[in-house]
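Working notes for the structure below.
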Amino acid sequence: MDAGRRRLVINDCMKPERGRRSPLPRRPTRPPDERSSGIGNLAMTPAKLHMTTSLAPIAVHSPYDGSLLGSVEATDPADIDRLLATARRGAEISRNLPRHKRASILEGAAQMVESRHDAFAEIIVREAGKTIVQARKEVLRCVNTLKLSAEEAKRNAGEIVPFDAYTGSEQRQGWFTRDPLGIITAITPYNDPLNLVAHKLGPAIAGGNAVMLKPSNLTPFSAIKLVGALREAGLPEEVITISHGDRELVTAMIAAREVRMVSFTGGFATGEAISRAAGLKKLAMELGGNAPVIVMNDCDFDKAVEGCVSGAFWAAGQNCIGAQRILIQSELYGRFRDAFVAATKKLKAGDPLQEDTDVGPMISKQVAERTEAAVNEAIKAGATLLCGNYREGSLYHPTVLEGTPLTCRLWHEEVFAPVVMLAPFDTLDKGIEMANDPDYSLHAGIFTNDLNVALEAANRIEVGGVMINDSSDYRFDAMPFGGFKYGSMGREGVRFAYEDMTQPKVVCINRG
């Protein structure tokens, strides 16, 4: 979900230039049969993590200064049969784990992540470029996601079926259980490299499945460290395998007949390709959005400005529910615009490890360059630049536009960058019409003190979630998360992902 909506297009995510200050400490070199797959204390043996190959390792660089952080071994697509054999064993082991054991593993991993909070946060900063403040919040969300998954493992086991509600079935009784699907392929993006992995692994483990995980090649170390915590908490090693590679590997991982579900978070082009290649499988797709926030004349003004600034520029705008289009009622437009621009100019962009940095780098210099090009295209089409559009390598300063033509690509496609567009509207009907304009829709927000207006907007805006008196980017990890229209298939949120990753089995006893 970078400029032009290519967040996890597989060809793009292999090659961007990356970096940070100093490499994370490395372990001593292991013997050839136990080569490290990661950096620092993230190393695992190939038998436990993935297959050793002769392919060139995948280098991982910091988005801030391009320095080398380490590398991961590439997985050869030709090894898919061996990978599947491991996953097959993992699925059998996982389905036979008692629910209390699945729950204790997830709870134990949550405690480990929490106790190693600073180490996890620093890895997120180094490989993803989030500010240290934002990285700490992601770690806390990961802990919560794992705890919610542990609770789901214990309570969502099925229901009694009232067979005697049907004439002629008075002597029948029974229930349905929620059984595992089996093998799930999970593909995760770079923008939330820890918590979005937890959102796939946690419910899958709770449901008794095995997972073939492919994290973004740009941010693999958060995922590796999380898998390490799960195994340390008692998860059998075969239950999760991690692979690193490109389009050919992903195609092999999703096309295999034994894979029963593909869970993907990323770009539209890749999502379409996956849906064509997957065949008869369950699909869970979170393909992004183009979030509108409506600001009404009667809103709490300071709260609206603060919420919209945060919603637009959190994580350098690399947030699928971040505010991209802020629609302001006409009487308030000039005042809001001036206050919003003034607040935006106060944001500090720079080194993400500094506590006072508000906006870190984008994931790569190439992505920042594409963002700059998209903004310049909008300006050429008639948009007015209010601030920003200044790039230093991968650091793209917060950018605000007004007067963006509604036919412009920037208006219709997901920006996935620290870029926001302001536009006035007269009536609520017009604001809702503008909010619903793009094809992509995850979240929206509205600021108003009129409950009837808020509920009218919530009813008519075509999105998966409407945040009232909040920016569009609010998310609680237990709620259903997904979009309307073209933007997604299925829902994340622990309970809802768990239900997607399990299948009902009916047991009926005839006592007659």
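The backbone N, Cα and C atoms fix where each Cβ goes, glycine too.
Annotation source Swiss-Prot lists active site at Glu286, Cys320, citing sequence analysis. Positions annotated as NADP(+) binding site by Swiss-Prot, on the basis of similarity to another entry: Gly266, Gly267, Phe268, Ala269, Thr270, Gly271. Residues or ranges marked as region 'Disordered' by Swiss-Prot: 14-41.
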* Asked: How many Å separate the Cα atoms of Glu286 (active site) and Ala269 (NADP(+) binding site)?
  -> 12
* Quick one: Cα separation, Thr270 (NADP(+) binding site) versus Cys320 (active site), in Å? -> 16
* Asked: Roughly how many angstrom lie between the C-alpha atoms of Cys320 (active site) and Gly271 (NADP(+) binding site)?
  -> 15
* Residue, out of the recorded positions Ala269, Cys320, whose Cβ gathers the largest set of other Cβ atoms within 10 Å -> Cys320
* Structure fact -> Cβ atoms other than its own within 10 Å of the Cβ of Phe268 (NADP(+) binding site), all chains, total 22
